[in-house]
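As given in TrEMBL:
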ACT_SITE  B:LYS30  active site, charge relay system
ACT_SITE  B:SER105  active site, charge relay system
ACT_SITE  B:SER129  active site, acyl-ester intermediate
DOMAIN    B:16-416  domain 'Amidase'
REGION    B:86-110  region 'Disordered'
Amino acid sequence: MTAQALEQRDFAVVIGLEVHVQLETATKIFCGCSTDAADDEQPNTRTCPTCLGLPGALPVLNEGAVEAAVKVGKALDADIPEQTRFHRKNYYYPDLPKNFQITQYDAPICQDGTLEFSVEGETREVDIRRAHLEEDPGSIKHVRDGTGNLDSRTVAIDRADYTLVDYNRAGTPLMEIVTQPDFRSPSEVRSFLNKLEEVLEYLGIFDSTRDGSLRIDANLSLVPADEIRDDGSISEEVLEAANRTEVKNISSHKGAEKALTYEASRQRNLVQRGKTVEQETRHFNEAHGSTVSMRTKEEEKDYRYFREADLPPLQVAGWKETIDIPELPDARRERFREEYGLDAESASKLTSTKEVADFYEQVAETFDPDLAATWVADNLLGELNYRDMAIEDIDGRLDEFARLVELVAEDEITTKNAEEVVLRRMLDDEMAPDDVIDEEGLGKADDDAVGTAVEEAIEENPDAVEDYHSGEGGALNFLVGQVMQKTGGSADPGSVNGMLREKLDE
Amino acid sequence: MSADLNIFVTEETLDSDADGPLSGKTVAVKDNISTEGLRTTCGSAMLDDYVPPYDATVVERLKNAGATIVGKANMDEFGMGSTTETSAFGATKNPVDPERVPGGSSGGSAAAVAAGEADLALGTDTGGSVRNPAAFCGVVGIKPTYGLVSRYGLVAYANSLEQIGPFAPTVEEAAELLDVIAGPDANDATTHDEGADSDYASAADGDVDGLTIGVPTELVEGADDRVVETFEAALSDLEAQGAETTEVSLESVGHAVQAYYVIAMSEASSNLARFDGVRYGKSGGYDGNWNESFARAREEGFGAEVKRRVLLGTYALSAGYHDKYYKKAQDARAWVAQDFDAAFEEVDVLASPTMPVLPPKLGESLDDPLQLYLTDANTVPVNLANLPAISVPAGEAEGLPVGLQLIGPKFGEETIVRAASAVEN
Amino acid sequence: MSDTSVDADEVRHVATLARVDLDDDEVEEFTAQFADILTYFDALDEVPEVDTETELVNVMRPDEVHEGLSQEEALSNAAESEDGFFKGPKVS
């Protein structure tokens, strides 16, 4: 064991997260501007006096944002207090239209929740200290002076001459979810974030494919390993004593793991060399996989919080009872295993998103759960994955896929054709299953036609028949092939096999 | 005439196509109320070329009622002042005596009505800024109950204290204008349903028989003798019309000025933070980083009184001082509200001189900011308690106007309109 | 009796927090004035603790889209803009 490894063993990593999640409401949190950003959206085309911070404008709270927050509270098993209210957090930055952010301070809408997740096969539980509502700032580009086009002059934050600001995003509802410093490794953080996203998507209030929908600030400190109690907890004093860095600008799970792995080893290196870790904020550079100190002198963070008098308080504790949330992923997985007799792997695949789970249940209720499982989990998801698609991409056509399963269940086409021809053409050419069948002539041959073909095959191939009777296994396959040829491949090989045997054994 | 008195920052006529209760009437609008397409400066160099792309709700209501807007009235910068002398566009002169101040911060609005430059005017009242100039210019001014009138479009100074209020030559006309602008607004979450379909104008019937009027001793002692004399004469007149006066005590008002200023300055420091030169207003350029640029813009754009209040407000909210100043001020506010509630269990309205002094000469008040704050003593308690109040001309002393203030319980606009109309008789 | 003394350094510190440049004359003037004003504010120490009642609660609007400003309107008062963006100072 090297000295380095020994040194590394003496310290444990302690991580806490502040996760900012954009809520999928139709409008912004304090005004009626849409939250829907078109792909080619021009800057500053989705604003109004309120989200632009014009003099005289006022905020009015979006009911949809409050509903979403209550759903999150319910899903995290958090308390929703009798009264909750908004505060102003005062600081200056070009992306803040008012140079204060309306947020929640000492009376957040959710408190004391938990979230269970699994990491490397083990179940862990993390305490959610609080979750609150706040508004998103605008977005900034850092730009260099010069004559080239804008893209060519867009640079990193520390190389800019000025900023360009777009307030389209300003006012988007955010929920900030704060955990206790319960994480002990970067990979735990990644698993937690995966689980959190899954739950939020299930609630229908979050879209992971949306740019910027998830932003993470992480706090990391090193704590002497022997200060960790048997139950894994750490005392307040020890936590306070450790110098902690805040890492900002993380926008994905992978990014979080990368940033924290880098930061943990950076801190370890310092400690190893006898240096102190400075308590500071660092910026994650995704391209380099490193964290850099924010060069500006760290302004004393005095946010001068005080109540936002333009927004009356909320008394929505009762909403926890009246607002419904869908069955959450873990519970659904359990139920799928019990109700449909699925194994763990299938249950997992089939609950990977709420849409997949909903589709599966629809199909399973109508047809056989096992058949449905094979079709949805293996075939459909498999073909979608291969084409880099997701179930959302075939959103409006789920009834066509249900029809495909029906056709197989009712024996109208062979499984082979269904899998290899119809499904693929449905995805590649966007055709309906019945249309594919007509075009390719895949309708299953009717029984009479098959019966005739069987008889003909036997008549026309006396040598093969003799071989069969003398015990040559290959003869039967040959005959099956003959029948398949006669029926243009539309007979079901399994039943042809059976019919031949019947006739031959008579 | 108005140019001599410096009543308007921007003079421009906006006719309305609509037909309504204000058809044929001209209105001056204080320059901190947003008017679409018409420069809105708040009396500040910071906004000297700011043109709002939207109308304040009250402006929409004026237009829908058929009013003709004749200009944006001069004011103390961002509403911070009591004499209109902190305006970056020069002081407004009092039409009654042009060597004196018209009061503030809505000095231009009051002067417009007093000088006949407009039939009516809109001002704003955070700590007395409608009532003070109404008293000094000899016109009627109303500060509505907090939440009666929409603040959407009013450039915020102290958002938990301020209201937009009407000026007019008579109580009935002021009440008529109030009827037009009052009522809930979906764009302002602090508005109440009271005021929808109001008819305050009809309450101006002068009938005060049996009305009980409380006079808080704290708001009369210490006032100029000439003011007190005129005030008491007006009270006697009311008694002759059947009202009953009685002395009351409001112990808490001794702390009202401090509480008011701490709250107002704290809120101002946050409400004015948005003026950094990026989206509107004076730019600080691109030398150095954003902290330097913003600080430069604000140094150039803000006058001394605004800077003073923004700094003091920042101080009062800052770590280490928040509990001592801001939190204590909120306690004082609740205490004042409680005091008024108790008083209104005994009497229908409260009466006091609006201002403890006669209108000072121009230039007299600027040396000592603290002295100036103290002249707000009679008006600020009303804003702290979120109550309605009206200032109605009570007479003259040495040729100068004296205003009588009537304070009512929450949403008691009808009562104070009625009482004030009797003062006019 | 108060311990309210605010010195020039504190005034400068607050000016930084408030993003307002002050020249030396202003610092001096404000330091003197602030001492008086803050001493006056000390009277608040005597105020009893009182509970405020909240009146309006649960004021919300439905999650429905309303038309806003055009890009032109939004940028109409900007000192400088580029390609539809507001131009601001750098942040590093």
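Placement of Cβ uses the backbone N, Cα and C atoms for every residue, glycine included.
Recorded features from TrEMBL, shown on the structure.
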residue  : record                               : DSSP (3 states)
B:LYS30  : active site, charge relay system     : strand
B:SER105 : active site, charge relay system     : coil
B:SER129 : active site, acyl-ester intermediate : coil
Task = Sort out the sequence-distant neighbours of B:LYS30 (active site, charge relay system) for me: same chain, 6+ apart, CB within less than 8 Å of its CB, listed by position.
result = B:LYS72, B:ALA73, B:MET75, B:SER106, B:GLY108, B:SER109, B:ALA121, B:LEU122, B:GLY123, B:THR124, B:ILE164
Stretch-averaged pLDDT - the domain 'Amidase' (B:16-416) = 96
Key: Non-local residues, at least 6 beyond the ends, that sit with Cβ under 8 Å of the region 'Disordered' (B:86-110)   = 4-9, 28-31, 41, 43-45, 48, 73-77, 79-80, 121-126, 129-130, 132-139, 141, 167, 303-306, 355, 359-362, 365, 399-401
Message = Counting by DSSP secondary structure, give me helix, strand and coil numbers for the region 'Disordered' (B:86-110).
response = 4 helix, 3 strand, 18 coil
Key: Cβ packing number for B:SER105 (active site, charge relay system), 10 Å threshold   = 35
Query = For B:SER129 (active site, acyl-ester intermediate) and B:SER105 (active site, charge relay system), what Cα-Cα distance in Å is obtained after rounding to a whole number?
reply = 5
